[in-house]
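If you check TrEMBL, you get these features:
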BINDING   75-88, 283-295  NAD(+) binding site
BINDING   Arg95, Arg105, Arg133, Asp224  substrate binding site
BINDING   Asp224, Asp248, Asp252  Mg(2+) binding site
DOMAIN    4-350  domain 'Isopropylmalate dehydrogenase-like'
SITE      Tyr140  site 'Important for catalysis'
SITE      Lys191  site 'Important for catalysis'
Amino acid sequence: MTKTLLLLPGDGIGPEVSAVARRVAGRLISQGLALQVEEALFGGASIDACQLPLTPEVLAQAKAADAVLMGAVGGPKWAGQPYDKRPEAGLLALRAGMNVYANLRPARCFSALADASSLKRVFVDGLDILFVRELTGGVYFGEPRGVETLADGQRRGVNTHVYTTSEIHRVARIAFELARGRKGEVCSAEKGNVMEAGLMWREDVQALRDAEYPDIKLSHMLADNMAMQLVKNPKQFDVILTDNLFGDILSDEAGMLTGSLGMLPSAAIGDPGTPGLYEPIHGSAPDIAGRGVANPCAAVISLAMALRYSLGAPALADTVEAAVEAALDKGARTPDLGGTMTTAAMGDAILAGL
Ligand code: NAI
Ligand code: MG
């Protein structure tokens with residue numbers, strides 16, 4: 001059956017890198033992949049056209065698709081607007097509307113880029129970590145929240161870290177399932193030493209493992225220790241399971257071990273059978289937008305993740321990732337990787353491997 005991919009190019013370099021992902025999808029379709037690609041306005045582009053970053057029509061289109069591939073949203077043009085008129089509000093509404101509660105963030109180093117050490121950045125050759133971060137709960141969403149002024153005039157700010165067992169189990173289940181396709185190992189991070197809800201996280205994750213995933217090797221690590229271990233010996237990790245807050249920070253930390261923002265994809269997925277949302281982790285890069293020099297690799301690898309997790313084509317996902325790797329092996333480099341290639345030329349180099 002033909003699957004549907006909804007492309008939301010967005011703003012800034014979003015449309016530039018999405019165009020390359022679209023070309024890659026087009027090549028796969030011409031080679032027999034049963035996929036239909038749709039495109040819609042999102043973020044600032046949607047605000048300009050219809051005063052809303054995410055229209056109800058586009059949300060409905062996203063929920064009806066099998067996968068959504070987003071470019072990036074935002075930019076100085078919309079920065080001063082009230083929050084609900086900002087592109088970023090559209091992204092949060094899209095995530096909530098699609099009920100994608102597990103954020104998958106690979107931190108993977110492409111060996112071909114080891115030579116780019118002249119770029120003066122960290123690079124851990126052979127690194128291949130997959131973060132599974134809870135995305136719709138925890139302290140970013142918990143009630144009560146807010147800032148109040150007390151009788152003595154000082155202010156009191158509150159955010160609440162809260163999780164239920166079902167919220168923990170559904171994201172842990174995704175981590176365990178993904179671990180089965182990798183090394184069969186999961187390391188779960190929390191602060192069970194000082195947080196009751198952290199200890200509960202640990203116990204609930206362990207209970208699910210014991211009941212349903214006895215084949216998985218589960219370990220637990222305090223989040224502050226993990227922050228250190230990611231610098232000291234990051235290759236000890238394969239799948240890392242975290243709550244929303246710790247995962248936000250630790251996955252950004254791990255991402256920087258791979259050298260370049262332009263190489264990092266992400267996915268947000270929910271219940272089996274519902275569409276996933278795929279996007280590069282980088283933003284709209286207003287400083288280079290319009291110059292045709294953005295690195296499209298993160299967008300293309302995000303497409304590979306969509307093929308793997310939502311479009312039922314894991315072998316093609318491998319093919320696309322191998323094509324990116326082959327292009328890098330042959331020396332294809334955009335400026336962020338120390339080269340001179342344009343976005344389109346990098347796209348040509350990737351397509352040459354398909
Ligand atoms: P950014 O990721 O857009 O850019 C940070 C730096 O990395 C810039 O120097 C940029 O040129 C470079 N860079 C990013 N992606 C690149 C690529 N593919 N190839 C080459 N260089 C690349 O982050 P920044 O500047 O903090 O945010 C810019 C705008 O993007 C803001 O409006 C922000 O809200 C939005 N944003 C959107 C995200 C999303 O759509 N999910 C995520 C992060 C930021
Ligand atoms: Mg972050």
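Using the three backbone atoms N, Cα and C, a Cβ is placed for every residue, glycine included.
It should be emphasised that the depicted structure is a prediction, and the values quoted were computed from it without experimental measurement.
What TrEMBL annotates, mapped onto the structure for a quick look.
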residue: Gly75; record: NAD(+) binding site; DSSP (3 states): coil
residue: Tyr83; record: NAD(+) binding site; DSSP (3 states): helix
residue: Arg95; record: substrate binding site; DSSP (3 states): helix
residue: Arg133; record: substrate binding site; DSSP (3 states): strand
residue: Lys191; record: site 'Important for catalysis'; DSSP (3 states): coil
residue: Asp252; record: Mg(2+) binding site; DSSP (3 states): helix
residue: Ala285; record: NAD(+) binding site; DSSP (3 states): coil
residue: Val293; record: NAD(+) binding site; DSSP (3 states): coil
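When the CA atoms are compared, the recorded positions lying within 10 A of Arg105 (substrate binding site) are Asp252, out of the candidates Gly75, Tyr140, Lys191, Asp252, Ala289, Val293.
Within the set of binding-site residues Ala79, Arg105, Asp224, Val293, no residue has a CB atom less than 6 Å from any atom of ligand 2. Mean predicted confidence for the domain 'Isopropylmalate dehydrogenase-like' (4-350): the pLDDT average there is 95. Screening the binding-site residues Gly75, Arg133, Asp224, Asp248, Ala285, Ala289 for a C-beta under 6 A from any atom of ligand 1 leaves Gly75, Ala285. Straight-line distance linking the Cα atoms of Pro87 (NAD(+) binding site) and Arg95 (substrate binding site), rounded to a whole number, equals 13 Å. The closest partner of Arg133 (substrate binding site) among the recorded positions, by CA position, is Asp248; the full candidate set was Ala79, Tyr140, Asp248, Ala285.
Neighbour counts were taken as the number of other C-beta atoms within 10 angstroms of each residue's C-beta; across the binding-site residues Arg95, Arg105, Arg133, the minimum falls on Arg95. Put simply, Val293 (NAD(+) binding site) is 23 Å from Asp252 (Mg(2+) binding site) when counted between their Cα atoms.
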